[in-house]
Amino acid sequence: MASSAPNSADRVTFRTQVLARHLHDPARTPPTPLEPSPCLNYSPPELSEKSDFDIREMRRLMDGHHVADRDWLFGLMTQSNLFCPRERGGRVFLSPDYNQSMEQQREMTMRRIEYLLERGVFQGWLTAKGPEAELRKLAFQEVMGIFDHALAIKLGVHFFLWGGAIQFFGTKHHHEKWLRDTENYVVKGCFAMTELGHGSNVRGIETVATYDSSTGEFVINTPCESAQKYWIGGAANHATHTIVFSQLNIHGNNQGVHAFIAQIRDANGNVCPNIRVADCGHKIGLNGVDNGRIWFDNVRIPRENLLNSVADVSPDGQYLSAIKNPDQRFAAFMAPLTSGRVTIAASAIYTSKVSLAIALRYSLSRRAFAITPNGPEVLLLDYPSHQRRLLPLLAKTYAMSFAGNYLKMIYVRRTPESNKTLHVVSSAFKATLTWHNMHTLQECREACGGQGFKTENRVGPLKGEYDVQSTFEGDNNVLMQQVSKALLAEYIAAKKKNRPFRGLGLEHMNKSCPVIPSRLTSSTLRSIQFQTDIFCLRERDLLSRFAAEVSQHQAQGQNKEYAFILSYQLAEDLGKAFSERAIFQTFVDAEATLSSGSLKNVLGLLRSMYALISLEEDASFLRYGYLSPDNAAAVRKEVATLCSELRPHALALVSSFGIPDAFLAPIAYNWIEANSWSSVQH
């Protein structure tokens, strides 16, 4: 049957004619030649972003203490090649070389410590006394953490944990024998508390110290594999001595956890007899710290190596302690962990400052997309969505910076009467500030796009370096449960004795319950009175609910501990409520020190942003009816308005952090020049 379709040759001829007409049609307009668009140029944000407040005064308020000493130490680090200076885009930047092997990073950490030791940085860290000396030490610790978390942690273990244990648990002869040699690094200390089988539950550790009255010695032993000391910073390579936390056994009676001094290496670095040490291996961060594992095979130490300020053992084996209650004795042995939580909380906020300074500076020079045809591309920070990502985190970082300063002050001025407050506040702030830091790092990493993925731009590696803060020196979730448990104890005591609340900031519960207006206007939302009332309302209501729920579980036959465990959801809500209210109060107190003016005005914006973003992010305000749906919507709208009002201050606010250019990253400055072909050749 013949086909009606044209054959193959006809189709080729037809298509050739069509193509020819298309190519040679004289009616078609000739194409215009492509014109190159001008190349992007870096424009420093300082040219267009102006400040209406005193940046130096803001920095003094933020740092709180020892600003000149901090700058001296920043300068000291920029003077040495040990801190890995690199030229990028016409500037020099300092950051650890994470391309080095684990062994090289550890070696560099020790070489940096030796450099700082020779220049007197650690002078008085253990031998000077008083709040001024302690604040100076904390300031230096924060500066070193801005450069490298591993350096700060290595020093923290040596000075704050090993040295702090000798200060707090030891007596005069321990101080005279160990503190100066520790300060001068003649002795290199570590802190052996954590075991493979027990981390947060220190009471359950399995290492045993048995007193031998016939020789006047303690015999320290690792009875099983789960009792090996684990994650001990400094143990793998460098430490010569350690504080060993062990169950004290005297004549077959267990007296609970106590602290002992044991030597693990000789002066030449050789591991001592009956000591076994192994490496914890490569980690997702902090590879400049030599975390190790330790086994004790019936290691004998003199009786004098028991740190005996809390309890002692006589030569004939009598157990002596002025603290008769075992729970109170155990609490006394946890004191060094308070210093760890203080330094961790402060360092977390300085890391948030680093990441926000980098991300916000980048967003003030990087453009993307135009909103009109042939119009200029828009700065990232001029997008409301980008403001919403970063500016609430900036406000939180300001708030938590004031909280960190408050925590440091109650730490350096601590008294036996303030120990409970210090424990609760340090637990709450350590958890809240480190969680905030990890959230901030992730958001800043994403806000920098692909450039945030580069190691040299710092934000990405900092995530791995600081991730550990959520679990060491107290798991954050466990710490927040301890906060709620302490609040519950205060509540029960006040109700049982029919006395007013005193301490922990709970005095607001002695007043009548705050009443929240049915309709929240912008001026109300920004008022200190409303913000105080809503935070206090949430805390007091959650505390009452928590106490009632625990009591209900007990009435149903559960013991107190299990009743608490079953009420974990309210415990989590309460811990957050306490922490955010306490942080807010430190902001209000800092703001109150200023007279009226531009500095106070911008702090008012930041305070309102902190308060309102806390309301928006916590479902408790809706769940328990503290805010109506309409008022929650008003809060959300006000957050967006505050973002637009804070936008003009963004550069000045991160400049107020006082972090030198060298400790930020190439994308915070001329990122085009830093990535130019000439930089590759250089």
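Any Cβ shown, glycine's included, is placed from N, Cα and C.
Just so you know, TrEMBL annotations never went through curation; they're auto-generated.
According to TrEMBL, the active site, proton acceptor annotation covers Glu473. Annotation source TrEMBL lists FAD binding site at Thr194, Gly233. Taken from TrEMBL, the feature domain 'Acyl-CoA oxidase/dehydrogenase middle' covers 190-299. The domain 'Acyl-CoA oxidase C-alpha1' annotation in TrEMBL covers 337-488. The annotation domain 'Acyl-CoA oxidase C-terminal' is assigned in TrEMBL to 531-664. Marked as region 'Disordered' by TrEMBL: 19-48.
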Worksheet entry | Rounded Cα separation (Å) that holds between Thr194 (FAD binding site) and the residue listed as 'active site, proton acceptor' | 10
Worksheet item: Could you state the CA-to-CA distance between Gly233 (FAD binding site) and the residue listed as 'active site, proton acceptor' to the nearest Å?
Response: 12
Practice prompt. With an 8 Å cut-off on Cβ-Cβ distance and a minimum sequence separation of at least 6, pull the same-chain contacts of Glu473 (active site, proton acceptor), or say none.
Written response: Leu337, Gly340, Arg341, Ile344, Lys430
Item to complete: Write out how many residues of the domain 'Acyl-CoA oxidase C-terminal' (531-664) are helix, how many strand and how many coil, based on DSSP.
Response: 111 helix, 0 strand, 23 coil
Worksheet item: By a simple count of other Cβ atoms within 10 Å, which of Thr194, Gly233, the binding-site residues in the record, is least packed?
Response: Thr194
